[in-house]
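Encoded as structure tokens, the structure appears first; notes follow it.
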Amino acid sequence: MNVSGCPGAGNASQAGGGGGWHPEAVIVPLLFALIFLVGTVGNTLVLAVLLRGGQAVSTTNLFILNLGVADLCFILCCVPFQATIYTLDGWVFGSLLCKAVHFLIFLTMHASSFTLAAVSLDRYLAIRYPLHSRELRTPRNALAAIGLIWGLSLLFSGPYLSYYRQSQLANLTVCHPAWSAPRRRAMDICTFVFSYLLPVLVLGLTYARTLRYLWRAVDPVAAGSGARRAKRKVTRMILIVAALFCLCWMPHHALILCVWFGQFPLTRATYALRILSHLVSYANSCVNPIVYALVSKHFRKGFRTICAGLLGRAPGRASGRVCAAARGTHSGSVLERESSDLLHMSEAAGALRPCPGASQPCILEPCPGPSWQGPKAGDSILTVDVA
């Protein structure tokens with residue numbers, strides 16, 4: 001087997017057994033192929049939904065977009081190469097990719113963890129201080145934060161460009177750690193602290209305070225409003241994504257800590273644990289689109305619309321478009337818009353009715369004919385694509 005991945009894996013082939021047929025040489029690449037397929041399709045759809053119609057204009061959407069970019073880069077640039085360490089006897093991709101692949105693994109891992117920490121702070125400010133945080137929670141500041149995220153990610157992952165190198169080992173060309181053990185241990189500890197421990201602490205603190213505020217709101221009217229329900233929905237979705245990140249990357253970091261500070265003998269059992277930690281951590285890059293599809297009605301509609309367009313079918317029911325008279329504009333995240341008072345009232349109506357004037361609640365309705373008279377002055381027309 002090829003030598004790559006976590007510290008202490010230098011004798012992975014010996015741990016996996018001698019000659020003969022290795023089941024992991026078939027099973028693991030198939031699982032990596034599944035991760036690659038689901039992750040590529042899912043994250044591409046997420047980016048398409050957010051970019052379609054200029055919807056990535058809120059701070060939350062920009063952070064979700066950045067998370068999708070990091071996951072897609074990881075899937076495309078890392079997973080195919082890492083899958084070969086269980087099938088090929090040596091590293092066949094050259095010295096440059098030996099360094100670049102591992103650098104990209106840690107670059108995207110840092111970017112994902114920093115993005116989740118940033119979006120947790122964004123959700124806390126949006127819910128706890130909705131008015132005072134408006135000047136801070138702007139698309140421009142979100143883009144600046146994303147730039148800072150990638151800058152810090154480059155800073156912390158840059159040393160991995162020299163951490164690994166291609167060399168000859170037992171008549172095989174392998175890609176393995178080149179640093180001395182003390183330097184590798186210091187680097188791995190720094191990676192654990194800055195890419196996992198600190199972001200997890202930020203996530204835990206912000207979401208604990210956010211959930212406490214949401215579920216202990218003293219104003220029953222505000223607590224039952226559509227805006228509050230929308231904020232709860234988007235917070236729940238981001239919380240699930242953050243929890244999955246913590247759980248999926250935990251085995252990877254636990255294994256590394258065991259290598260440096262515990263007992264990690266090279267046996268078939270520890271070899272299986274190493275494979276499992278790889279699969280679980282890499283699978284994190286393909287689960288987020290599944291979470292979005294399960295939690296967000298907007299993403300489900302967007303996925304169906306894009307897939308229907310690719311298949312050459314007209315998406316939607318009946319006319320495929322609906323109209324609504326709404327006062328003002330909506331600038332929140334995709335989840336907040338879909339859970340706004342407008343949509344809650346339309347669902348409660350149970351049937352489609354003509355759009356009333358501005359003095360009455362607005363209900364989604366089929367697009368009327370030319371004889372329909374528009375809303376009064378001061379109202380605006382909101383056109384919604386229905387998948």
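Cβ atoms here come from the backbone N, Cα and C positions, even for glycine.
Under the heading topological domain 'Extracellular', Swiss-Prot lists 1-28 (among others).
The N-linked glycosylation site annotation in Swiss-Prot covers ASN2 (among others) and rests on sequence analysis.
The N-linked glycosylation site annotation in Swiss-Prot covers ASN11 (among others).
Counting only same-chain residues 6+ beyond the ends of the transmembrane segment (29-49), those with a CB under 8 A from a CB of the stretch are 55, 64-65, 68-69, 71-72, 74-76, 79-80, 82-84, 86-87, 279, 282-283, 285-286, 288-290, 292, 298-299, 302-303, 306-307, 334. The transmembrane segment feature in Swiss-Prot is assigned to 29-49 (among others); the stated evidence is sequence analysis.
What Swiss-Prot records for 50-60 (among others) is topological domain 'Cytoplasmic'.
Residues annotated as transmembrane segment in Swiss-Prot, with sequence analysis given as evidence: 61-81 (among others).
Annotation comment: Swiss-Prot describes 82-99 (among others) as topological domain 'Extracellular', evidence class sequence analysis. In this model, the topological domain 'Extracellular' (82-99) carries an average pLDDT of 88.
Cβ-based neighbour count (10 Å, all protein chains) for CYS98 (disulfide bond) stands at 22. Taken from Swiss-Prot, the feature disulfide bond applies to CYS98-CYS175, supported by sequence analysis.
Feature annotation from Swiss-Prot assigns transmembrane segment to 100-121 (among others).
Residues 57-60, 62-63, 206-207, 209-210, 213-214, 231, 234-235, 238 of the same chain lie 6 or more positions beyond the ends of the topological domain 'Cytoplasmic' (122-141) yet place their CB under 8 Å from a CB of it. Per Swiss-Prot, topological domain 'Cytoplasmic' is recorded for 122-141 (among others).
For 142-162 (among others), the entry in Swiss-Prot reads transmembrane segment, with the evidence type sequence analysis. Away from its own ends, the transmembrane segment (142-162) comes close to residues 59, 62-63, 66, 99-100, 102-103, 105-111, 114-115, 118, 122, 178-179, 187, 190-191, 194-195 of its chain (Cβ-Cβ under 8 Å, at least six residues beyond either end).
Marked as topological domain 'Extracellular' by Swiss-Prot: 163-187 (among others).
For 188-208 (among others), the entry in Swiss-Prot reads transmembrane segment, with the evidence type sequence analysis.
Under the heading topological domain 'Cytoplasmic', Swiss-Prot lists 209-237 (among others).
What Swiss-Prot lists as transmembrane segment is 238-258 (among others).
The transmembrane segment annotation in Swiss-Prot covers 261-281 (among others), and the record cites sequence analysis as its basis.
Among the stretches 61-81, 100-121, 238-258, the one making the largest number of Cβ pairs under 8 Å with the transmembrane segment (188-208) is 100-121. Same-chain residues lying 6+ beyond the ends of the transmembrane segment (61-81) with a Cβ under 8 Å from its Cβ atoms: 32, 35-36, 39-40, 43-44, 46-47, 50-51, 55, 93, 97, 100-101, 104-105, 108-109, 111-112, 115-116, 118-119, 122, 139, 142-143, 145-146, 149, 241, 282, 284-286, 288-289, 292, 333-334.
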